[in-house]
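First the structure, in the form of structure tokens, and then the observations on it.
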Amino acid sequence: MAGGGVAALGVKTERAAQYKGRMTLAVATTCLVAAVGGAIFGYDIGISGGVTSMDPFLEKFFPVVFHRKNSGGKNNYCKYDNQGLAAFTSSLYLAGLVASLVASPVTRNYGRKASIVCGGVSFLIGAALNVAAVNLAMLILGRIMLGVGIGFGNQAVPLYLSEMAPAHLRGGLNMMFQLATTLGIFTANLINYGTQNIKPWGWRLSLGLAAVPALLMTLGGLFLPETPNSLIERGRVEEGRRVLERIRGTADVDAEFTDMVEASELANTVEHPFRNILQPRNRPQLVMAVCMPAFQILTGINSILFYAPVLFQSMGFGGNASLYSSVLTGAVLFSSTLISIGIVDRLGRRKLLISGGIQMIVCQVIVAVILGVKFGAEKQLARSYSVAVVVVICLFVLAFGWSWGPLGWTVPSEIFPLETRSAGQSITVAVNLLFTFAIAQAFLSLLCAFKFGIFLFFAGWITVMTVFVYVFLPETKGVPIEEMVLLWRKHWFWKKVMPDMPLEDGWGAAEGHAAPASNNHKG
């Protein structure tokens, strides 16, 4: 099998115990700057829901929805059911899906920095088009450019964070992306709460302020150091070692450097990463790259974040109350991500994903029951039940924020060997954006059709994904990226799926070693 054998492991032996280094100022600074990409992603998620609930915006671009919203007697669940309005939100994610696939060869061949800068520039163009939009076409074009930025940023930033972080801190530092995303959502909700009273151009300010983090991302990307993994992969070995010594704060980096060089030697023999990732030996990583981001969206969280003001208005909240409630959920999401950063490298990924899933199931069912019993198509929700719904939704967001929110990005970004890492991250981002697009486009129609049953729909998916993690995901806490593939060969299920790796295809044959294959791939 081409590219098979022990070489597919990317490293010859496990050296994690020999890794040296600590958390340095260089790592902290670069991770903060890189994670700004997450803030832009979050800002664009949060800003659209508030803007689409503003009357001046609806009157200018979606007059049918504006008149339906302000007319009496219309079914509460169906007031915002409009495919054009959904396209305003979802077009960003469809563009991001396509851009993430284009970003993979850029990230692999030109480095992580190049993709980060490309994403920042695209964000700036998109923000400029949106703030100056005079018609729907210009508005959608701006959203598409923002989507291109998301495709590049989401492909490169989690990868960058994983490669810069020390193995024992990788989970927490990688979550900087999700933390920045939640901060972007919270900021967007606050801005919408303030701009709703600036008529008739408050919505322009909301959309245009996306340029601020975009500028930070672009400028920061220009001055960030490239990751040592990327430098070594592109033949700049000595420079890669210098960067590694600087970010680890020690010259004793032989073990980690050797792992990177061995992984790079394999990576450079792979001409077609996307074709390579489909081979049986990469099956576990491919399954996770598809399922983790898909399940993250099927929690229903993006429906709440996209359309929080719309959703709360559909439940009978007034305009100010709905935006205030969305600010509250944004604050809860940000706070819960901080919790996850503090405990993920101690408790591990599996415990957080499973416990978070159980809490989300309970919350979705409770909301469905309250709405099904106490809220109808034309009547309003009583104040006490409105408060209860907001509290339960906040508990749902809390669970997502310390489980599937950050870990839906962290796990896929840390499991791929170097030769398929950029391709794997592109698949992760593409699947995430595909499902985000589908849910964003369909949610308003699903809300109209399912009514309170929409929450049971998402609860069913959360049940499936919680079982999936329990059965198929091994614990990745503390495992170096370059040795991650060894983990799958120890898992009760995946070791049956992955093919045997004959010695003659691997490192031993290449170097003339006669060591038995079992010494090279444990478990």
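Start at 1 and count along the chain as shown; that gives each residue its number.
Including glycine, each Cβ sits where the backbone N, Cα and C put it.
As annotated by TrEMBL, transmembrane segment applies to 23-43, 84-102, 114-134, 173-191, 203-224, 286-310, 322-345, 352-373, 385-405, 426-446, 452-473. Annotation source TrEMBL lists domain 'Major facilitator superfamily (MFS) profile' at 30-477.
The stretch from 84-102, 203-224, 352-373, 426-446 with the most CB pairs below 8 A to the transmembrane segment (286-310) is 426-446.
A contact links the transmembrane segment (203-224) to the transmembrane segment (23-43), because at least 3 Cβ pairs that are 6 or more residues apart lie under 8 A. For the transmembrane segment (385-405), the neighbouring stretch richest in Cβ pairs under 8 Å, chosen from 23-43, 114-134, 322-345, 426-446, is 322-345. For the domain 'Major facilitator superfamily (MFS) profile' (30-477), the model's pLDDT averages out at 85.
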